[in-house]
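Engineer: The structure under discussion is supplied below as structure tokens; questions concerning it will follow.
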């Protein structure tokens, strides 16, 4: 048994552990070569780590062992206990518990094997130890074997088929069986049967007899037939009756011995066996002789015996062989003791396994008894000098079978009143935790909470936590180590202790890291104490299955509420400490100072070893920062030119105050730390306005080794003589890190900075203000603006709105001067153009941003004079440009309001606010055009003057703008000239919307000389003709919408003779109109609002073609006769005839078989 100290000196390990409360650099490992060492662990008497080794084999039939391990000696020694010989294989050390007031240790072995007949029971045994000796053994005495009362009847065959010798042998067998059982738990009765029945003694007579075996002396054979069924009926109705001494709660057993099948009996077995079953009689049938080799005889034994028959039948070849089965019969009868009866309580605690869990309470130790009452479970409370009290759910009428109540036990206190919390991880396969409290000296269930996942083992571990250390339990942690998720295994529920008799619920759940689905997070829980110095209790949770059973432990801090932080502050993996560790975190114990440094320690059990981890002392750092002088004088930063000419010196004084935050026994001189100071001027600014004299730049670093005292240092700052921004104070930022120095006297224990300690500090160095003798700046601001060159705003055409703004200050210097514009949402700020300035030392910069104000669609644009002072007597002019949304809705007038304010908090005046209105119209782009499909040309003759022809004009109307609007489409059609109809029955149609209605009205012709006008310009329109005007109103002409209109009527020809023209153009006109007070056509696009369509009308003359046809025909005939005569004269017709004849002769000759010679060719 040796002690191993592991010093992890690697830089990476050191770096990762600096911010953690549990020290992993210097730890103590206790190793013992005993099976199960580390399965349980408990801190004891602020000096020892007590470790259980429940699997250790100490001697024959003895298992388990205890060890006490000391930090100072680094060794483990066995704790010698006088284990009684009856504590067979008890697994001592499987559960451990301790208390400090007074110092007591409870070590339990819950697997004491107790043999009763053929049954092996599991009870428990615990040892209560004081600082020097064993004080008590729990339970005080060994549990005796349960005594089940048994009433046994022998029903023996006395028929004539049995010889007197065999009858005597059978009686000896009966005598031997009776002698194997003890009174008073077992009593016998004897009846002999043939065709007669004789009761030799009853249970009552057996109980009264001083020598029961003497009752067998008067038994003589009856002789006769074999009435077995009737005999069984007599036994059921008579011997197993209370009047014959039968006991109500005793097991009823009937042993029938016969040499053959029943004979002459009027009853059948089916008549009597159901009676025996209803009475709960267990029947054994013993068949003697060769008769039972017959199938029918064997069936009788099956009918007599209880089921299963093979367990209740004995068959021997002769009576001499009965002695061979007497032990078998005995064992079978003994085995009946393990069966349950309706009211028996003898077997309720035979598998109790007391001490499976243990906890100390003010009233005495409590031992979990998970196996009691068919593994329903419960717990025993052992008050001093009093009988134990059994606590379970029997009074709650709840089915708790196989729940393992008492698997874990914990004490809860609320204002001095104690409650007991028991875990039942197998309750309905999901688990449960139950709170018991005393009511009228009876332990009753107060509240319960159940698990949510089958197999999660909710309630396998419990931990009572007093977060705020006020002496009352605030919450109970309930582990469910087998809770399964895809990426992590196990969880711990945080359940506030219910007040009064309210429902118990859990308001949070703690988890381990992801990636460990078999981690068993929550297998072990312990209270560690306040390790980070915030005066709130912290807890540790074990996860022994993580990283392939290497294990890990998690530290969770307490938080106000009170509750537990949902995220862990530290995780220690077993592989981080040693590659050989297995099941690290399977047992935990914390809260005591074993290393004598005033800090609580943590003992962690693993396979074959226990590791002792110390907590580190926690430090707190306070900081103060001052400047000398407290503000920068004006002479140091005011200048009229942007030239750095000289520098001013300012001194900064920084003090650090280091103190202990956690209570410990370490001296002030012992605790030292390496502190790194990182200083920066104007962090976040592109260029600093000051530098350190030491480094000539904006940053500086120093490293100091400091103890628990105040430490101050001075730093000189240099400032340029011309500062661009003298409004915003110069910022000095301090960032420090603290690394504790190892304490050699305490095995290199390192202090640490509190995790929630502030590490960043800032101080501001302001600039002196020019505010007069009273140091209160009273500015006098004013503002006005105009819209240069703009009389009205045309939305959709004017994409920008320019406001020329003038701001002035007639008072003292103004700081943080801001100009705020209030405008509709249709306007959005774009940019400002800086203009003229008067009275300012340096240039001005304006920075603007916009934001909505309220829910009325109003926006606010603020422009800050950045970051300078707006001097008294100064005046600036700038141009603010706003984008105007083409779809903006601004009403008929735009109101723009401007306000000027400052950080001087000077009361507002009429000059600080200015507003101006601007008329608003909305630009539209509507177009009307003539459609290409219309009647372009018509002609007629004089004979058709009284007729007419259908004419059609078509127009297309489009909204090409970005806004819907109501419009009217007007059409002018000439219908009358000098009281004569021109265009008749004219109608307007709109195919896309037949429901659109158009109105019409006649317009009289102007009083003018139409004939003179049309002679100059042969065009008929409404300037000279009477017209019909159509008006079609469109309530909403949508964006990109297209409308088609058709004018159709009968165009007459008769009126044309008035104008003395053969060709004239008939013109219709279409025009778009709208409300010009609201809308305006885009500039330059007005011509597209009007269009016309023209149809040309022409008159023609009709000519007579007869003379021309007759003259042409006669002339043609005369010409043909002349040509024929000429051809005849030249012999044209004769030559042709001769050639035709010769060709005909040439074709006939070959047919007659002779060849006609060719005429000689002419030469």
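Note: Cβ is positioned from N, Cα and C throughout, glycine not excepted.
Feature table excerpt (Swiss-Prot):
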SIGNAL    1-19  signal peptide
TOPO_DOM  20-1107  topological domain 'Extracellular'
REPEAT    23-78  repeat 'FG-GAP 1'
CARBOHYD  61  N-linked glycosylation site
DISULFID  69-76  disulfide bond
REPEAT    79-138  repeat 'FG-GAP 2'
CARBOHYD  89  N-linked glycosylation site
DISULFID  108-126  disulfide bond
DISULFID  116-145  disulfide bond
DOMAIN    165-339  domain 'VWFA'
REPEAT    340-391  repeat 'FG-GAP 3'
REPEAT    392-443  repeat 'FG-GAP 4'
CARBOHYD  392  N-linked glycosylation site
REPEAT    444-504  repeat 'FG-GAP 5'
BINDING   466, 468, 470, 474  Ca(2+) 1 binding site
DISULFID  495-506  disulfide bond
REPEAT    507-565  repeat 'FG-GAP 6'
BINDING   530, 532, 534, 538  Ca(2+) 2 binding site
REPEAT    570-630  repeat 'FG-GAP 7'
BINDING   593, 597, 601  Ca(2+) 3 binding site
DISULFID  639-722  disulfide bond
DISULFID  655-712  disulfide bond
CARBOHYD  697  N-linked glycosylation site
CARBOHYD  735  N-linked glycosylation site
DISULFID  771-777  disulfide bond
DISULFID  848-863  disulfide bond
CARBOHYD  899  N-linked glycosylation site
CARBOHYD  939  N-linked glycosylation site
DISULFID  998-1022  disulfide bond
DISULFID  1027-1032  disulfide bond
CARBOHYD  1050  N-linked glycosylation site
Engineer: Per DSSP, how many helix, strand and coil residues does the repeat 'FG-GAP 4' (392-443) have?
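Structural biologist: So the repeat 'FG-GAP 4' (392-443) is made up of 6 helix, 27 strand, 19 coil.
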Engineer: Which listed stretch (340-391, 392-443, 444-504, 507-565, 570-630) has the most C-beta pairs under 8 A with the repeat 'FG-GAP 2' (79-138)?
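Structural biologist: Top-ranked stretch among 340-391, 392-443, 444-504, 507-565, 570-630: 340-391.
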Engineer: Fewest neighbouring Cβ atoms within 10 Å: which of the binding-site residues 470, 538?
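Structural biologist: It is 470 that, of the binding-site residues 470, 538, has the fewest other Cβ atoms within 10 Å.
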Engineer: Run the contact check on the repeat 'FG-GAP 1' (23-78) against the repeat 'FG-GAP 6' (507-565): 3 or more C-beta pairs under 8 Å, excluding pairs closer than 6 in sequence.
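Structural biologist: Answer no: the repeat 'FG-GAP 1' (23-78) and the repeat 'FG-GAP 6' (507-565) share fewer than 3 Cβ pairs below 8 Å.
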Engineer: Are there residues of the same chain, six or more positions away from residue 530 (Ca(2+) 2 binding site), whose CB falls under 8 angstroms from its CB, and which are they?
Structural biologist: 469, 536, 537, 538, 558, 600, 662
Engineer: Check the repeat 'FG-GAP 5' (444-504) for me and report the mean pLDDT.
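Structural biologist: Here the predicted model's pLDDT, averaged over the repeat 'FG-GAP 5' (444-504), is 95.
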Engineer: Between residue 655 (disulfide bond) and residue 532 (Ca(2+) 2 binding site), how many Å separate their Cα atoms?
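Structural biologist: Roughly 24 Å, rounded to the nearest whole number.
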Engineer: Determine which residues of the same chain, besides 530, 532, 534, 538, have their CB within 8 A of the center of the CB atoms at the recorded Ca(2+) 2 site, and list them by sequence.
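Structural biologist: The surrounding set, listed in chain order, is 21, 529, 531, 533, 535, 536, 537, 557, 558, 662.
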Engineer: If you count CB neighbours within 10 Å, which one among the binding-site residues 468, 474, 534, 593, 597 has the smallest count?
Structural biologist: 468
Engineer: Quick one: DSSP breakdown of the repeat 'FG-GAP 6' (507-565) into helix, strand and coil?
Structural biologist: 4 helix, 31 strand, 24 coil
Engineer: Identify all same-chain residues not among 466, 468, 470, 474 whose C-beta atom falls within 8 angstroms of the centroid of the Ca(2+) 1 site's C-beta atoms; report them in sequence order.
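Structural biologist: In sequence order, the nearby non-listed residues are 465, 467, 469, 471, 472, 473, 537, 562.
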Engineer: For a quick check of packing: other C-beta atoms within 10 Å of the C-beta of residue 712 (disulfide bond), how many?
Structural biologist: 11
Engineer: Across all chains shown, how many C-beta atoms besides its own are within 10 angstroms of the C-beta of residue 126 (disulfide bond)?
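Structural biologist: Step by step: centre on the Cβ of residue 126 (disulfide bond), count other Cβ atoms within 10 Å, giving 26.
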Engineer: In angstrom units, rounded to an integer, how far apart are the Cα atoms of residue 116 (disulfide bond) and residue 89 (N-linked glycosylation site)?
Structural biologist: 16
Engineer: Would you pick out, from the disulfide-bonded residues 108, 116, 495, the residue whose Cβ has the largest number of other Cβ atoms within 10 Å?
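Structural biologist: That would be 108, with the highest Cβ count within 10 Å.
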Engineer: Residue 506 (disulfide bond): which of the recorded positions 392, 601, 863, 1050 have a C-alpha within 10 angstroms of it?
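Structural biologist: Of everything listed, nothing lies within 10 Å of residue 506 (disulfide bond) (Cα to Cα).
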Engineer: Where among the binding-site residues 466, 601 do you find the Cβ with the fewest other Cβ atoms within 10 Å?
Structural biologist: 466
Engineer: May I ask which of the binding-site residues 534, 593, 597, 601 is closest to residue 712 (disulfide bond) if we compare their C-alpha atoms?
Structural biologist: 534
Engineer: Relative to the Cβ position of residue 532 (Ca(2+) 2 binding site), how many further Cβ atoms are located within 10 Å?
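Structural biologist: Taking every protein chain into account, the count is 22.
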